[in-house]
Each structure stands twice: as structure tokens, then as C-alpha cells.
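Take a look at the structure below.
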Amino acid sequence: MADNSGTEGEEEDCSEAERAGGWFMVEAIVDRRTGDTISSDEDEEDEGEDMVDFIDDRPIGDGQEVAQELLLQQAAADDDEAVHTVKRKFAPSPYFSPVCVPSIEHELSPRLDAIKLGRQSSKAKRRLFQLPDSGYGQTQVDTDTGPSQVQDGCETGDQNGRQQYKEGSGTKDGENGSQEEERAGGDGEESQPLSTETEKGACGVLSILKASNQKATLLGKFKEQFGLGYNELVRHFKSSRTACVDWVVCVFGVYCTVAEGIKQLIQPLCEYAHIQVLPCQWGMTVLMLVRYKRAKNRETVAKGLSTLLNVPESHMLIEPPKLRSSPAALYWYKTSMSNISDVYGETPEWIVRQTMVGHALQEVQFSLSEMVQWAYDHDITDEGTLAYEYALIADVDSNAAAFLASNCQAKYVKDACTMCRHYKRGEQARMSMSEWIRFRSNKVQGEGDWKPIVHFLRYQNVEFIPFLCAFKLFLQGIPKKSCLVFYGPADTGKSYFCMSLLKFMGGVVISYANSHSHFWLQPLSEAKMGLLDDATSQCWSYVDTYLRNALDGNVMCIDRKHRSLLQLKCPPLLITTNVNPLEDDRWKYLRSRLQVFTFSNPCPLTSKGEPVYTLNDQNWKSFFQRLWARLSLTDPDDEEENGEPSEPFRCVPGQNTRTV
């Protein structure tokens, strides 16, 4: 009989078992393939039972993955808690000051924190704050025996957690309440909440700092630590926006490591730093005298140090130092040499000036003559200008520094301006017109061009030679030739021409609007040249009635306020007008006293609105230098040969130099 194994024969004599057995026997026999290499480290008897569960082919939703996911979540929670514990140990919280650190014992074990080894005194003590009356008749002494309930930011989270726990389970609330009552002694007295214990720690300090007299608490702590008042070292700025370079900063509740690190962190921001670090029950107290590279206000300083020190701004005292207090300067100087201070940078000049022996010897008494000499050299006769400008040089001038330290500054300024005006008036009265023009020319810086003045006169159809002759007699003060009148319509440059000349000569302006006063001519007594601008018909009538002798160039009498009458020769006078005084018969007696020049053409302007012909001090200086001989002005070399002094005026006493 043929072998039908592995075929699909249909013979009836072949049973199902035989046909099926043939297939299974073939598969069972072929258990090893030809050419396969079996590793020596494998077990020949290994049937692969350990790889049965390698592929998870369980149906979804049988409930076993819930336990596995829960295990993973618990492991992750344990890891996070371990990391959080390490962080709390080595990295302080950025949201709380170290004054909250003592409350950690209470948070971890409130019952252990309630145990006290010492006795709590029942005597009444002086309180900085008055406790509110509870309404149950307890006295202040009774209230003092038990801690008061204070809710601060550092305990809010724990209290909220306990409250939610009690509200969530009513049965446990009752059980806990009975247990606490038994621990308290079983006398039925209601136990204090757990949050009341935190006030005994450093969190009570936060409640004090948040009170209305927070600054008083900090000032008291400062005096307790440093032995002197904070206000003795600083001056007060009412506004927090006022900028200053030097600041005195005291910070409370700083971590020890941060307090040591601020000595290096503050150096790139400032030019000078004086730092003192002292321990305190709130943490470390840092006192700094800082000179920043740029001026800062109180808000900027507070924000910067709050970031560096990790302390809220409410724990800081920030004020500028006293710059003129010798005790304050001596404190900073002496503490800088001790071992409790770390100093960086160059000592500020206000400390050096008040502590060093050399600078102390250089302090001199204020001399009014030096102030007058300075005002004379800078041509300052106004009191406000003198006070401000002289105060600016106090850092480089010892007399100015003594002036600022004086209590009579207003008197000194007034006296200095008065004396300076007297010297200027005497100097001007002594000079001739030639000397005065030379004196004014020496004060003008730069060189100009005299041609624009000549071109402007020609543009107005004014002959230059007749004008030059009249101007020569005008400067010499010849009788009836000492008044020049410039007549013409509006916008012809009359006032522009006269004002430029008056500015160069240092003259004065009188106005007919003040003619109702007896003293309106008083400025003419202190000038070499005057100007009456825009004379009207009423003004010409007044001049014809009262000022004929003034136009003559003779001696006249002038009334001065709070002074006696003064007799003087009227200085050369310029008058601008829109009325021709030579054409009106009412003023016929003024015709021989006036020299009139007519400006008939409008003053030309550029596209920018500036005059085409520039009339400034430099051009007038060039004009006088060019026409010095034509105007018959005296040569300065001739004046020195006649014995006139060539040295500048000096009002400060000194020693005469003698040649050996």
C-alpha cells in the first residue's frame, strides 16, 4: 500500500485519524532545520515559556491597567515630593522673607510646637500696639497670657486646608473637637486655633510690618542694632521720584547667603559701596551707603535691591545721606575702617571733606570781596544769577563752599551785587567814549564785517559820509549834536538798526510810557548811550517842553528814587519815530537840536524771515575798528602813555609783587 501521508486521498479504507495523524507527525518530526546553528549559551531544553507574556494581547477594559496607572502616579508623586523637599532645604522660597522660617516647625508639627520648656510670664508688659478689647471683660494682662489669632500670608494656606478638611467630614470634626478638649485639660474651655501659635514665631513680625506704624518698627529695630537713629544719618525726600546719586539703604530679613552675595552683586551698579551685615531675629540686616553711577530715585533703588536681596520693599529704609553733617560723615568714616564693613570704591568727597585733617585745615571763612570780584569778572549784576552761578562752583571754590555754609546767603548776594554795580558804574564814568568803545569791543568774541552796516544805510538812501560826520559829533557829545533821529514808516528797520548799536555799546532804553513817573530818566545816569524808541506826537511835545537842555548836551538834573537829585551831562541819545519833527511848527525849537535820517524802504528779509543785512556785535566791532580814525577816536596807546592804568581792576586785597 502506497504512503498517502500528506495527501488528500479519498480512499475509504483510510480513516480520519490516520489522515490527520499523518499531518501532525510530519510537523512534529521537522523540529530542526538544516543549516541552523545553535548557540552554545542557549538551553537546549528551553521551550519558550518565559516569552509567553512578552506581548500584551489582553482585551482592553479588563481592569488591570488601572492599578498599573495608579502605581505610576504614586511613584511620580513620591518623586515630586522628594524633589520638593530637597528644594525647600537648599533653595529658599522667593515669595517669603526668612522671617517666616521659624513657622515651619509649627506647620510640620503643631503639637510639638505647642510644647514649651520655659514658663510664660503673666506680668503685664509695655506694648507697642494696643490690643482690641474682646468684649468678655478680659484685661490686658489676661489677654497677654494667650496668643492672639493673626492670619498672615505665611499661614493662610495651612489654615484653609484644615478648614476644608473639617467641613468635608462632619464626624471627624466632632471627634477631633472632643480630643482637643481632652488634651486641653477637660475643663470645657474652648481651645485656641492652631493659627494662633504662629504669632509666637517670626510670622508675628509680618503682622507688625503690615501695621500703620511699620516705619516706626523698622526705625526702632535699626536703633537697637546699630546704636544710633536712622534719621541721624539721612535727610528725607518727601517724593519718591526725586533723583539722587547717594543713598543710605537698610534692609531687614535678608538670607545669610544673599547678604554675603550682595557685596559682589552691587559692585557693577555703583562707584562706591559701604556695606554692613548684622544678624537679627528676622534674618540678616544689611546697611549700605551706595553711590550709583547714575542718579536714581527711591522707587528705582527699591525695585533693584528687592530683586537682588529677595526681600519685599516694605522691609527697606531708603533715604539720601546727610552731606553736611560731620557726625554722619564721621560715622561712615570710622565704620569703614572696622572689620564689620566691606567698602568698595573711592570715598565720596563729602565724607573726605568733613573727616580728613587736610581738608579741615583748608576750610576758610567766607570773604565777600572774593564773591564781588567773581561777579565783576563775569559781569554779573543780577542777584538771582549771581546766587545760582556762584553756588554751582562750590565744589571747586572754597569761598563758594563757605558761602553755601553761611546763614546769610541772601545778604551776601545783595551786598555783592550792589558793590559790583558800584564798581561797574565807577569804571564806566572814568572811561572816555573811546575807552568805552575799546572796552566793549574787547568783550566781543570773533570777527565780523563792517560792510553790511554801510550797505544797509545805502539801501535806505542815507549818504554814508554825512552820516559818518554826524555820528562822529554824536559820539563826542557836541552840544546840539548829541541826538540822532531816525524817521520813517513802519517796518523800515529803524529800531533794528538802533537796537543793534545800543546792544554793542551797552546802553539803556527809556520809554515814554513811564513819563508819569519822576524817575523815568534815571537809567540815563548809568549809561554811555540811551535810546527813546517810537516817539509819538505827545512824546515830542514832552521833549519840547521838558528836555531841551538834555538834547543840547549840557548838564541836566535827574531825579532818582530814594536818592538825592543828580546833575549830569545827558549821554548821546538815539530816537526812532514815525513822525517827522522837522515838518511840524509846534516843535520848531527842536530843529537845531536834532539830526534826522530818513529810512523810507522796508527792511528786506530772506526766505527764512531773517534780515538780509546782518547787524550784530561782531559787525559793529569791525565797523569801529575800520573807521576808528574817521570817527576821531583816541588811540589806546596814547592813553597808556598819559599814565592811565593798563592792569585789570582788582577788588580783592593782596600783596604787591616786588622784583629783587
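Each residue, glycine too, has its Cβ placed from N, Cα and C.
The following features are taken from Swiss-Prot:
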REGION    1-60  region 'Disordered'
COMPBIAS  39-54  compositional bias 'Acidic residues'
MOD_RES   Ser93  phosphoserine
MOD_RES   Ser97  phosphoserine
MOTIF     108-117  motif 'Nuclear export signal'
MOD_RES   Ser109  phosphoserine
MOD_RES   Ser122  phosphoserine
REGION    128-196  region 'Disordered'
COMPBIAS  136-163  compositional bias 'Polar residues'
COMPBIAS  169-186  compositional bias 'Basic and acidic residues'
REGION    197-363  region 'DNA-binding region'
DOMAIN    462-612  domain 'SF3 helicase'
BINDING   Gly488, Pro489, Ala490, Asp491, Thr492, Gly493, Lys494, Ser495  ATP binding site
COMPBIAS  635-644  compositional bias 'Acidic residues'
REGION    635-660  region 'Disordered'
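DSSP assigns Lys494 (ATP binding site) to a helix in the three-state reduction. When the binding-site residues Gly488, Pro489, Gly493 are compared by the number of other CB atoms within 10 angstroms of each CB, Pro489 has the fewest. Mean per-residue pLDDT, taken over the region 'DNA-binding region' (197-363), amounts to 85. Compute the center of the Cβ atoms of Gly488, Pro489, Ala490, Asp491, Thr492, Gly493, Lys494, Ser495, which mark the site for ATP; besides them, the chain residues with Cβ within 8 Å of that center are Thr576, Asn578, Phe599, Pro602, Cys603. Look at the Cβ of each of the binding-site residues Thr492, Ser495 and count the other Cβ atoms within 10 Å; the largest number goes with Thr492.
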